[in-house]
Amino acid sequence: MVPETYQVDAGGHITIGGMRIEDLAAKFGTPLYVFDYQTLVNRLTMFQSAVSQSAVPGMVAYAAKAFFTVPMGRLIQSLGLGLDVVSGGELFTALAAGIDPQRIMFHGNVKTPEEIAWGLDRGVGYWVVDSLDELDQLDQAAGERHQEAAVVLRLTPGIDAHTHAFIRTGHFDSKFGFAMAEGISDRAVERVLNARHLRLAGFHAHIGSQILETEPFLANAEALLRYSRSWYDQKGWWPEVLDIGGGFGVRYQPDDDPPNPAAIIQTVQSLLAEWTPATQRPPRLIVEPGRSVVAEAGVTIYTVRARKTTPGGHGYVAVDGGMGDNIRPALYQAVYQAEIDGKVHSDRRIPVSLVGRYCESGDVLIPQAHLPAADVGDRVVVFGTGAYNYAMASTYNRVPRPAVVVVREGQPTVWVRRETWQDLITLDNP
Ligand SMILES: Cc1ncc(COP(=O)(O)O)c(C=O)c1O
């Protein structure tokens with residue numbers, strides 16, 4: 001829930017990465033995204049060493065959508081990981097960071113002609129294809145370049161991961177992938193096997209996010225393996241990669257108890273070995289963690305600007321950020337925990353709604369927070385905001401987006417500078 005270097009002193013003041021919240025807020029202003037470098041590196045290396053424990057080869061393709069910037073890309077590259085991108089913008093950032101294109105999986109249910117052309121020209125490693133239309137577009141673009149594109153078909157295995165509907169993707173009715181039902185995925189496999197400029201490299205299924213159980217991951221891997229075996233039996237084709245996506249859950253609340261991703265990865269690698277025909281090599285396992293790498297590394301610091309109590313006695317604490325920097329509570333009722341810096345040890349807590357500054361009643365960061373009495377000027381720290389917060393941030397109400405600062409052993413480094421009012425008008429009326 002909190003970054004690894006989180007500490008609270010006797011006065012209830014919070015330190016992360018050896019830096020006091022108060023000093024960070026004073027130096028960089030609020031709202032402020034803060035990432036703990038140690039947590040980031042430890043999560044990335046945990047995944048990297050998990051896939052390297054077995055004789056079955058593996059690759060970690062960090063899901064850029066969770067949080068991505070050029071410095072993050074450099075960190076990924078320096079640790080030898082791969083990357084999952086879903087847009088030309090993510091690919092552009094990855095290449096600017098020096099990530100080896102061969103270690104990039106290009107995902108997304110829509111890829112524009114420009115993105116396909118650019119990805120082929122830059123030598124993207126794998127194309128995760130989501131529709132028959134995309135297969136045709138990729139085949140044609142690869143043919144024009146006298147290339148053969150390595151295709152990983154995105155499948156929906158009909159597995160229901162018990163998570164919020166908006167982040168559930170493995171069911172047959174999903175907008176993503178080819179359903180493994182009614183012959184839909186079979187037609188896609190046939191199309192790739194018969195295409196002139198495509199090579200069927202393997203299958204992928206990402207069944208959802210914030211999954212707090214082990215079974216759906218194993219069921220997903222088994223579904224992909226069973227399906228691969230059926231193609232081996234029919235055509236002698238066997239995958240070179242199997243990609244089980246991301247989705248590893250994290251602790252947003254004290255009683256969240258996510259399974260250990262390393263144990264899941266090792267069990268899946270054994271399954272890959274078990275299901276591989278004697279004449280073939282086990283496919284390379286690809287995992288695409290996003291949230292589980294960055295969520296708990298990040299916190300957001302806000303400043304309390306207003307308080308009020310409604311006639312029914314409902315207390316509100318309003319801060320200087322909100323849905324512009326964290327849309328997740330409004331989008332899918334995501335839950336967060338918060339503390340007030342300097343009051344962490346207070347045992348007199350009151351139920352309040354922690355709300356933002358945006359012109360929407362739904363701009364509520366934590367509907368039922370239990371916080372010590374807040375004063376104007378207090379710094380509120382919301383935990384677990386490293387994933388899909390900065391990545392989904394907007395300039396709604398023309399509020400500039402916060403800076404991203406990474407802290408390490410008492411030293412802050414700005415990864416993204418704070419947007420300014422001037423930035424907001426820079427693209428207007430060119
Ligand atoms: C294809 C794919 N891979 C990986 C991820 C990352 O998921 P998470 O952040 O839950 O690990 C996502 C998230 O939407 C995804 O769609």
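Count begins at 1; order follows the chain as displayed.
Yeah, the Cβs are placed from backbone N, Cα and C, and that goes for glycine too.
Predicted automatically and left uncurated, TrEMBL annotations should be read as such.
The domain 'Orn/DAP/Arg decarboxylase 2 N-terminal' annotation in TrEMBL covers 48-295. Residues or ranges marked as N6-(pyridoxal phosphate)lysine in TrEMBL: Lys65. Among the features that TrEMBL reports, pyridoxal 5'-phosphate binding site is placed at Gly247, Glu288, Pro289, Gly290, Arg291, Tyr388. Per TrEMBL, the feature substrate binding site maps to Arg291, Arg328, Tyr332, Glu360, Tyr388. The active site, proton donor annotation in TrEMBL covers Cys359.
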Close-lying recorded positions around ligand 1 among Arg328, Cys359, Glu360, where CB distance stays under 6 Å: none
Those recorded positions of Lys65, Tyr332, Cys359, Glu360 having Cα within 10 angstroms of Gly290 (pyridoxal 5'-phosphate binding site): Lys65
Other C-beta atoms that fall within 10 angstroms of the C-beta of the residue listed as 'active site, proton donor': 10
Three-class DSSP secondary structure - the residue listed as 'active site, proton donor': coil
Distance, Lys65 (N6-(pyridoxal phosphate)lysine) to Cys359 (active site, proton donor) (CA atoms, angstrom): 26
Among Lys65, Arg328, Tyr332, Glu360, which are recorded as recorded positions, the nearest neighbour of Glu288 (pyridoxal 5'-phosphate binding site) by Cα: Lys65
Near-site residues: pyridoxal 5'-phosphate, ref Gly247, Glu288, Pro289, Gly290, Arg291, Tyr388, CB cutoff 8 A to centroid: Ala63, Lys65, Ala66, Ser209, Gly246, Phe248, Ser292, Val293, Ala387
Cβ neighbours of Lys65 (N6-(pyridoxal phosphate)lysine) where a neighbour is any other Cβ within 10 Å: 21
Cα-to-Cα gap, Arg291 (pyridoxal 5'-phosphate binding site) vs Lys65 (N6-(pyridoxal phosphate)lysine), nearest whole Å: 9
Fewest-neighbour residue among binding-site residues, criterion Cβ within 10 Å, set Glu288, Glu360: Glu360
Binding-site residues: Tyr332, Tyr388 - member with fewest neighbouring CB atoms within 10 Å: Tyr332
Packing count at Gly247 (pyridoxal 5'-phosphate binding site) (other Cβ atoms within 10 Å of its Cβ): 29
Residue pair Tyr388 (pyridoxal 5'-phosphate binding site), the residue listed as 'N6-(pyridoxal phosphate)lysine' - Cα distance, angstrom, rounded: 7
